[in-house]
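Asks: First the structure, which I've put down as structure tokens, then a few questions once you've had a look.
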Amino acid sequence: MPRICVLGAGIMGVSTALAIQERIPDSVVTIIAEKFSPNTTSDVAAGLIEPYLCDDDVDRVISWTKSTIQRIQEYMNEGNPGAESQEQSGYWLQSVKSVPKWLEVMKNVKILTGNELKMVAKRPEHKFGIFYTTWYLEPTPYIKWESDKFLKNGGKIKNSKIQKIEDVEKEFGLFDVILNCTGIGARHLIGDNEVFPTRGQILKVKCPSVKHFFIDDQFYALLNDTTITLGGTADRHQWDRTINPKISEKIFQENCKNIPSLRSAQVISSHVDLRPSRVTVRLEAEPDSKVIHNNGHGGSGITLHWGCALECVELVKKVLAGKPGISKI
């Protein structure tokens, strides 16, 4: 039975471990991580399904996103708590017209007419708009759902802070394949200097009267089951996880300009975390190695998670067959 190790327990790590377990049935899969849900970067995410802060080949991103959407629909069909309402519609307003190819996987896509734009635009820079329907995941219950399935199927979970990837087998014994799903941690774990943090600060608020998401060039209001996520910042190469009250206030006030009814919102909490950014997603097996990398998803970890997990399964099969491969296009 092949012994598989997955490093990292955010949505990418847990999904990858579960996908391997389900598709390579004789495998023994172990997740090793320092932090687990609800204390991962994934848990802070709003969970809207659309590529965000992810610089990669668009066809590759679309393929991964389609797999994730199919997965979400399966999750919804199982009747999981809150899953029945995991579609939402809203507006994306822009200062410069952009109709990216990934919109083809969204539903009800409509370019706003001049009159429609006037009805929703709140700033002079809102010169172009798109309405569409997408999906979202509440990350914490979803990761729990996956983790429960993983454990029920015989998966193992170990709590450990691994400093270097070479230390894994010193502490836990030999593995046939080791997958790096450590997000920003890959910078230190394997010395990948192309991984860098993009600092994101958000607010969680309650405002039941808001029924649509709203995104513009800088700010966004995204609906969750019981709250709304207001953002945001995207500060590249910033490691500071300290909440800045002035930034929180600006996020709130600027979103109120876009959605005036937010002024009655109840502020629940503020959060800061570091998106694991990279020039391109690294999803590949190192040549002549047992190590596979699956990291650098930027702000799109939720959007891409299941597509990337399925691709990892194929890479694991190649490594086990003695044919490590590279999945770059």
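Yeah, the Cβs are placed from backbone N, Cα and C, and that goes for glycine too.
According to Swiss-Prot, the signal peptide annotation covers 1-19, on the basis of sequence analysis. What Swiss-Prot records for 9-11, 34-35, 40-42, 46-48, 161-162, T182, R275, 298-299, 301-303 is FAD binding site. Taken from Swiss-Prot, the feature N-linked glycosylation site covers N39, N180, N224. Annotated D-proline binding site per Swiss-Prot: Y220, R275, G299, in sequence order, evidence recorded as similarity to another entry. Taken from Swiss-Prot, the feature D-serine binding site applies to Y220, R275, G299, supported by similarity to another entry.
Set these features in their place in the structure for me.
Replies: E34 (FAD binding site) counts 15 other C-beta atoms within 10 Å of its own C-beta, drawing on all protein chains shown.
For the recorded site, N39 (N-linked glycosylation site), the DSSP three-state label reads coil.
Counting only same-chain residues six or more apart in sequence, the Cβ atoms lying under 8 angstroms from the Cβ of N180 (N-linked glycosylation site) belong to L7, G8, I165, A186, L189, I190, V291, I292, H293, N294, N295.
Sequence-distant contacts of Y220 (D-proline binding site), defined by Cβ-Cβ distance under 8 angstroms and a gap of at least six in the same chain, are A46, F213, F214, T229, L230, G231, G232, N255. DSSP assigns Y220 (D-proline binding site) to a strand segment in the three-state reduction.
The Cβ of G299 (D-proline binding site) has 22 other Cβ atoms within 10 Å, all protein chains considered.
Within 10 Å of the Cβ of N224 (N-linked glycosylation site) there are 20 other Cβ atoms, across all protein chains.
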Asks: Just to be sure I understand the packing, how many Cβ atoms besides its own are within 10 Å of the Cβ of R275 (D-proline binding site)?
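Replies: Taking all protein chains shown, R275 (D-proline binding site) has 26 Cβ neighbours within 10 Å.
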Asks: Out of these recorded positions, N39, T41, which one has the fewest other C-beta atoms within 10 Å of its own C-beta?
Replies: N39
Asks: Please identify, among the recorded positions N39, G47, I162, the one with the smallest Cα-Cα distance to G299 (D-proline binding site).
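Replies: That would be G47, nearest by Cα distance.
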Asks: In three-state terms from DSSP, label G47 (FAD binding site) for me.
Replies: coil
